[in-house]
Amino acid sequence: MASPNVLPMDQLHPGQGQSWSKTFGNGSIEKYHRLANIMSQDKHFAIFRRFDDINLAVLLALQAEIVDLQYRLQVQSQKDNSGQGQRDLLIKLQPKLTEYNNLILQLSELSQLQIPRTSQLETLQDWLTDPKGGANFLTKTGTPELYTWKPKDLSHLETTAQRIGLTVVFTVLFAVILELFTNAKRVEIFAATATFAAVEVVFIGSALNSK
């Protein structure tokens, strides 16, 4: 069997935020079987999360426990002539170290697994969100509807001149609103408008650099 693809973060469901997967139940079991069948037929779609953040949090927690036990062992070794206290601490340390070392090795192996191609991930995302496919069955109940838009759908302004023109319009509108609806002095309005325009220019520059 080919090695599965793994994702360093939650990217299976486009548009969702942090945690979204739910467990079996509420009619989802049938869709899990369908998804498993798709993955078994084409191993390129056997894509799973790597849970880097959780694994590292567990590893750090184990590390903290081991450091604490190590410190207690050092203190005990200075005052325990019989060695019984040291043996007790070593017994506590053994399973912690084994778990810690195994987790490090597992994380190292996980990091070597292949990351799926964009086309493979997008195909799986399409199936998960398709009403005739997964129909968002992995989404938690009550999760607000969020969407991921294609780059071409994010803006109808294709040229730099159009973006600059729109920036000028919004800057003038911003200044007019401040003049009509606030008690700000002209110097303050000018400063605020200049700052607003600078922010807009930054966004325009970011859009150009992303292409």
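Glycine is no exception: its Cβ is also placed from the backbone N, Cα and C atoms.
In TrEMBL, the feature region 'Disordered' is placed on 1-22, out of the ranges 1-22, 23-44, 133-154. Helix, strand and coil residue tallies for the domain 'DUF6594' (32-139), in that order: 82 helix, 3 strand, 23 coil [DSSP]. Here the transmembrane segment (164-182) has Cβ contacts under 8 Å with residues 157, 189, 192-193, 196-197, 200-201, 204 of the same chain, all six or more residues outside its ends. Residues 155, 160, 163-164, 167, 170-171, 174-175, 178-179, 182 of the same chain sit 6 or more residues outside the transmembrane segment (189-208) yet have a Cβ under 8 Å from a Cβ within it.
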